[in-house]
Amino acid sequence: MAAPVKKRKTSLPKKTVGLAFPVKFPDISMFIVERKIQRARLDHVKNLARRKGFQVSDSLNESVTHIISELETRDQVLEVLRGRLSNDVEASLFLKDAEIVCMGWFTSCMEEGAPVQVTHGHRLKPEVKAVPTVSSSSASKTCYQDAKYCCQRITPLNHHNKKLTDALEVLEKQADFLGGDNNSSRALAFRKASTALKALPKTVRNMREVENLCDLKGGKHCKRVVQEILEEGFSSEVEDIMNDEWFQTVKIFTGVFGCGAATGRKWFDMKLRSLEDVRRCQDINLTTEQKHGLKFYDDINTPVTRHEADVIQQIVAAEAQQILPGTTVTVTGGFSRGKTTGHDVDLLISHPEEGKEEGLLAQILYALHKKDFLEYTDVQNSSYNEAAIRQVKRNQVMDHFERCFSIFRLPKRLIQDRSELNTDQSTVKLGENTLKMSPKDQANTQRPTLAEEGSGDVEDTTNKTQNQDNSDETGNADDRNVRTQSQDAGLLDSKLTPCVDSEATSLNDGVRDWVARRVDLIITPHSQYAYALMGWIGSRMFNRSIRDYANREMNMTLTSHGLFDKTKNALIPAKTQREIFEHLKLQYREPKERNC
Ligand code: CTP
Ligand code: MN
Ligand code: MN
């Protein structure tokens, strides 16, 4: 059973409510209108102000200088307050002098630790039917950044609301850890809210700017947390979760390769609190995956760098070339969305001649294995058939490709000295031999660039020049990921081969001379390449959204294998990701814009 999250300890205990704090600003007396504010939050907000030296009046009286409200208009505030004053004359006399302001003013005061000047923007406006008072939300409704599906928005990797999304992601993680249907819906709601915030073109300062966003307006909990952070700079609920022993322990456990939330919870319930406890425990039968996960915990939980991903890609591509010239090996996943680190390396492997990819994975693995590059492999055969993609279960993420989830042994010498590796990636030094790559070679082994399919805005200028006339991503003969046979000969000459002599290199004075890295190898037939690429580029949330969109708006089923039009009862082929977007009548989004 999951341990309950501790009581909020950062908020003041109830008994301090009403305690006297030194008054720093005697000219100011705040009154906070209760309407639209939860009781607990109201207490919290009042305390906060008092701690900061403001006077907060619990009753409405003539000393009040600032009336603060979550309501949208001045008229709504007056309506609520009218009942509190004995008569209209009294009300109008008193209200004439008091400022009626939004919560944003209050927040600014708290941030400054002093009263800030009331500006036009702070004052609640009278009700004017024709002019919506919720300024940004009505505008944002028509804005593509608040489109219904996140696949329609631009979601960059580096966005303006990290503080808010980090907090929401903690809540999402906690819900994931708790498990069960209800919590997975909660997790999704947190995810959707953070995704909505990631797409906003500027930093959110005020609740009004976000409360009507498509993916936020229904979520009371999300809103409460966002509001708390906007007003106080942090969320005590989120801080409590992060300090919670259960959360921290399950987080450590789920960092073990092969340990999901359910296992993490189980280990906690068995009174295990550390990896050492798990290693020592006699009562659990660890899977092979988990044994490796525990053994290489630190390595696997150290983020993989872009550079390491490139080195691994080159090692795999070299082997693949040797086995089957023309094979393409492409870095997908987070790196293709512009991430500089990731939890693993996702390599999509294909061949421009349909059918040639069959049997390829086993051969690549054999070759890698012979050279001691593989610590652990979990191979899954292809389970693809046409029926499988016509009737996809809702929320099904797993595709049917032949694949291998592996732990790769990445020799340290290949990553330690970048000068040896040559930072422009033109030379990979393996053992005594140097593998030199011509510019064409480099183009052929590189990941799809961030700006795919020649739409410009390429971050890596080297790639841009190299890929200028190679804008097709499909693995055609002129594709950037394809090596020609003569280039292969060059590769073979360079003896990429003898880089690991298992005895000598796996142990060096008892110290490993390689690091363990998680690598996913996925094999796709050429005809499904564009769909596979899109699926493996992700993000997970982007996939979820574009699949939902296809289903609900287009009556089509989209997977990593293809697009099935349910109205026409036909599969729709696509050579590029752009074509997929076109089939779906969606504006193209670059991989770097899919960081939902
Ligand atoms: N994916 C998938 N089927 C799986 C596993 C993953 O289609 N069985 C997709 C996910 O939707 C994701 C992409 O492949 O978009 C890469 O998955 P993963 O490595 O888990 O995530 P990344 O986005 O690469 O994140 P990280 O950088 O942490 O690796
Ligand atoms: Mn990944
Ligand atoms: Mn992966």
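A Cβ is built for glycine as well, from the same backbone N, Cα and C atoms used for every other residue.
Under DSSP, Asp344 (Mg(2+) binding site) is assigned to coil, being neither helix nor strand in the three-state scheme. For Asp344, Asp346, Asp520, the entry in TrEMBL reads Mg(2+) binding site.
The DSSP breakdown of the domain 'BRCT' (25-113) into helical (H, G, I), extended (E, B) and coil residues amounts to 42 helix, 14 strand, 33 coil. Annotated domain 'BRCT' per TrEMBL: 25-113, in sequence order.
Per TrEMBL, the feature region 'Disordered' maps to 425-495.
Listed in chain order, the residues near the Mg(2+) site other than Asp344, Asp346, Asp520 are Thr332, Gly333, Gly342, Val345, Leu347, Phe405, Arg518, Val519, Leu521, each with its Cβ within 8 Å of the site Cβ centroid.
DSSP classifies Asp520 (Mg(2+) binding site) as strand under the three-state reduction.
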